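Record features, source Swiss-Prot:
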- ASN166: N-linked glycosylation site (CARBOHYD)
- 1-6: topological domain 'Extracellular' (TOPO_DOM)
- 28-42: topological domain 'Cytoplasmic' (TOPO_DOM)
- 64-94: topological domain 'Extracellular' (TOPO_DOM)
- 116-128: topological domain 'Cytoplasmic' (TOPO_DOM)
- 150-186: topological domain 'Extracellular' (TOPO_DOM)
- 208-234: topological domain 'Cytoplasmic' (TOPO_DOM)
- 256-266: topological domain 'Extracellular' (TOPO_DOM)
- 288-316: topological domain 'Cytoplasmic' (TOPO_DOM)
- 7-27: transmembrane segment (TRANSMEM)
- 43-63: transmembrane segment (TRANSMEM)
- 95-115: transmembrane segment (TRANSMEM)
- 129-149: transmembrane segment (TRANSMEM)
- 187-207: transmembrane segment (TRANSMEM)
- 235-255: transmembrane segment (TRANSMEM)
- 267-287: transmembrane segment (TRANSMEM)
Amino acid sequence: MMGLTEGVFLILSGTQFTLGILVNCFIELVNGSSWFKTKRMSLSDFIITTLALLRIILLCIILTDSFLIEFSPNTHDSGIIMQIIDVSWTFTNHLSIWLATCLGVLYCLKIASFSHPTFLWLKWRVSRVMVWMLLGALLLSCGSTASLINEFKLYSVFRGIEATRNVTEHFRKKRSEYYLIHVLGTLWYLPPLIVSLASYSLLIFSLGRHTRQMLQNGTSSRDPTTEAHKRAIRIILSFFFLFLLYFLAFLIASFGNFLPKTKMAKMIGEVMTMFYPAGHSFILILGNSKLKQTFVVMLRCESGHLKPGSKGPIFS
């Protein structure tokens, strides 16, 4: 019989999954319909749309994992099922993180203003830079997925020894090796984190310099350039903090097998991991003028303040 903890876990998982799917499907529908009408899509819209699609897939993988943990733990821990989930999750997860990083770099190159030759060279070739970054993101995501092979082998040996309940020096050695490889696997997260932090720092410096220039000229600091800086900073900063929360949840879920309350640790980790792909996508909607306007119109239609089909004041 399902207990209170399991019930709360399933309710939270289902709620976050539903909200995440709605938010990311909204992005897909708005950008998809815009592309269908104009047959054109900006680089930022392409990244956001692809990111939303990956997050829909990621949420489905996490929900499947959550239900297997609750209703079929033996199936979840079996070799082939665990490997399929891990491979799917690792590739989708790393690619989505890199796409969010690429989006931050794109905002930085388009909005920040520096006279350094290297920055200007990158700024003038922003489209080419982003194409190479996206290709690099794909290759690094494949590399992180391929690195699971040794981890799977060690996990199989580790579980085989554990099943015999023969806790020997060999068992402890294999467990230590598995810990080490698993921890080293988290190093794949460092490059996108460093790049995001660099983009955030450049935008902060650029905003500070721009604000000082506005004050010296006696003009308002709330000009379009300043607002663009602030909007990009909010998006990158939210990604940074949500990613750290997501990374913590990943560690809890991954090392759940080695904690005293295994199932509880896994459930906490699974619930926390769903917050990032839903929360950051909602922040992307608020930071994108087209998505935000469509979202506001939709809310007004739902509340009865605006008739369906009318544009409303925000489009005038």
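Quick reminder: no glycine exception, Cβ is built from N, Cα and C everywhere.
Long-range contacts of the transmembrane segment (95-115) within the same chain, counting only residues at least 6 positions beyond its ends with a Cβ under 8 Å from a Cβ of the stretch, are 43-44, 47-48, 50-51, 54-55, 58, 122-123, 126, 129-130, 133-134, 136-138, 140-141, 189, 192, 195-196, 199-200, 202-203, 205-206, 209-210, 225, 228-229, 232, 235-236, 239, 243, 277, 280, 284.
Counting same-chain residues at least six beyond the ends of the transmembrane segment (267-287), those with a Cβ under 8 angstroms from any Cβ of the stretch are 5-6, 9, 12-13, 16-17, 19-20, 23-24, 26-27, 48, 51-52, 55, 58-59, 62-63, 65-66, 69-70, 96, 100, 103, 231-232, 234-235, 238-239, 242-243, 245-246, 248-254, 256, 295. Listed by sequence, the residues of this chain that lie at least six past the ends of the topological domain 'Cytoplasmic' (208-234) yet keep a Cβ under 8 A from its Cβ atoms are 104, 107-108, 111-113, 200, 283, 287. Here the topological domain 'Cytoplasmic' (116-128) has long-range neighbours at 43, 106, 109-110, 202, meaning same-chain residues at least 6 beyond its ends whose C-beta is under 8 angstroms from one of its own. If you look at the topological domain 'Cytoplasmic' (28-42), the same-chain residues 6 or more away from its ends with a CB under 8 A from one of its CBs are 48-49, 52-53, 56, 290-291, 294. Across the range of the topological domain 'Cytoplasmic' (208-234), the DSSP-based residue counts are 20 helix, 0 strand, 7 coil.
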